């Protein structure tokens, strides 16, 4: 219970951080509203429009549907209204008969009424005939419509059947075309594979030829060395070298293709025959110092490698020196450019100062001239 301005108010449940006050009416009081909401800021709101404006201006408050403008009590109903609702009027089963009016018509009125009745009967007959004709026409129209719809449906079915048949034919044609295309693609792929196999075989034949040529050159060199040497060459060493070369050739051929085995056997037989012939010749010629020649070749190769490494190191040092010189030159050029720019800036500043001084002198001279003219004018006016 709260007492504000001698008015009794009752606090009712309200949304969070809000207050709902109920002011019961009193006779002779000017207050119209019974319920007043008090906002968290202390503002009193007594109408829905005011509440909407406040909620729009202050977001974060509860929804307007949470604010109830009733006290929460069911209103009392008078006994008179409840009795009226309970009392149900009985519905009459038959309409009450109206009182017949006494007719005080003359004979003429009776004749006119009879004529009117006859005309009405004739009109009714005409209407019946028209209704029958219209019904027949409507039935005929309905039959015609049904026949047209049946014909249209039959045509649609025929068209659909033709479409389905055409689609089937097209699909079958597409399948046959796809099968033909697939067969052509397979044939092309097989041709490509055959061409690749032929190329691989040609490459393998070239490799074998190169190996044969290298072997023949090696054998000729060995024969020359054996002829120029002091003693007779041992046949076992020569045969060992040739056997290693032949094994390398055999490995290359086996990796390339298995079909070339007969050719490899022929080359091996030829190589063995040549080795036997060369062995017999070398036995007669003498044994050369192959180890000494190999060591001499290794020494030459090591010397050449050392010379190349020293040259590369010297070139690297020269490159580093050149890059350092270029960097120093670039730094010197930058310093010279900065000095030149500073000199230009100072010259420009001096020129600006001179121009400003000249402008100031010109303005001073013009002011002095104006003052002199004003003084002369004042003196002339005084003399006048």
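Any Cβ shown, glycine's included, is placed from N, Cα and C.
Fair warning: this is a prediction, and the values are worked out from it, not measured in the lab.
Residues annotated as coiled coil in Swiss-Prot: 100-224 (among others).
The annotation coiled coil is assigned in Swiss-Prot to 310-356 (among others) on the grounds of sequence analysis.
The compositional bias 'Polar residues' annotation in Swiss-Prot covers 80-91 (among others).
Among the features that Swiss-Prot reports, compositional bias 'Basic and acidic residues' is placed at 106-227 (among others).
Annotation comment: Swiss-Prot describes 234-250 (among others) as compositional bias 'Basic and acidic residues'.
Sequence annotations record features per position, and here Swiss-Prot assigns compositional bias 'Basic and acidic residues' to 257-269 (among others).
Taken from Swiss-Prot, the feature compositional bias 'Polar residues' covers 270-284 (among others).
The DSSP breakdown of the compositional bias 'Basic and acidic residues' (295-365), given as helix, strand and coil counts, is 71 helix, 0 strand, 0 coil. According to Swiss-Prot, the compositional bias 'Basic and acidic residues' annotation covers 295-365 (among others).
Counting same-chain residues at least six beyond the ends of the compositional bias 'Low complexity' (369-384), none has a Cβ under 8 angstroms from any Cβ of the stretch. For 369-384, the entry in Swiss-Prot reads compositional bias 'Low complexity'.
What Swiss-Prot lists as domain 'MBD' is 4-74, and the listing cites sequence analysis.
Here Swiss-Prot flags 323 as phosphoserine. In this view, residue 323 (phosphoserine) is surrounded by 10 other Cβ atoms within 10 Å of its Cβ, with every protein chain counted.
As annotated by Swiss-Prot, region 'Disordered' applies to 65-384.
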